[in-house]
């Protein structure tokens, strides 16, 4: 199966038994719809219900990103693999404080072990990360001792703050990054994190779609209206191994630099060139086999 990342602006429409993106200059691209898994739209694209109905029939999610490259939402076809029994079990696990905490701890522990693995990887390559590794290892031991999800989120936040503070030792070039800033991202690294986290979120959403799980019922992040919070839970595990490693690789191999970003006041966002580079590398990462 194949993912399509479309950067051109134009009109997305059904053309016989395929989907076509037609640009304003008349040039077009036909998608191999029978092997399409997801469609990612980064340009200004218009479509119609005929096209969306066809995509829903083919069970293909469409993910939308704004001008700045940040994820704004998804077209999520009607679920085919529904299970009332599993839905009840998901809800029961959430409403039982002990069970919810059990699953939430597993998400945090999985994420913490993976980010610690990243630091140990660079420690073996001569980076001065001893103090960060010791502190995070100590914090990981606290995960099993917490009594509720709120307390667990506090430990998770401390782990991530210490983790991000150590990134300066991972980067080879001189990079401006000391802490995580989300809204809005204020420098190259924070922008990379926000952009790639959005991609990781959509990847998790697409994986959940082919299961019988309900993406709105979560355990670490509180379920809320207008978001698939289970994707946030699951993506926590994979972000260190995919998002963070990709950021380290992009910067340390000089594939991305400050010149590839646009800055306005305290706001930093991706150029089209940088989006294409990042998405291409992300796609390669997702196609790698884990051994």
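Each residue, glycine too, has its Cβ placed from N, Cα and C.
These come from TrEMBL:
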BINDING   156, 221, 236  Mn(2+) binding site
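In sequence order, 104, 107, 108, 111, 153, 220, 232, 233 are the residues of the same chain, not among 156, 221, 236, whose CB sits within 8 A of the CB centroid for the Mn(2+) site. With a cut-off of 8 Å between CB atoms and residues at least 6 apart in sequence, the same chain places 107, 108, 110, 111, 220 near residue 236 (Mn(2+) binding site), listed in sequence order. Fewest other C-beta atoms within 10 angstroms, among the binding-site residues 156, 221, are seen around 221.
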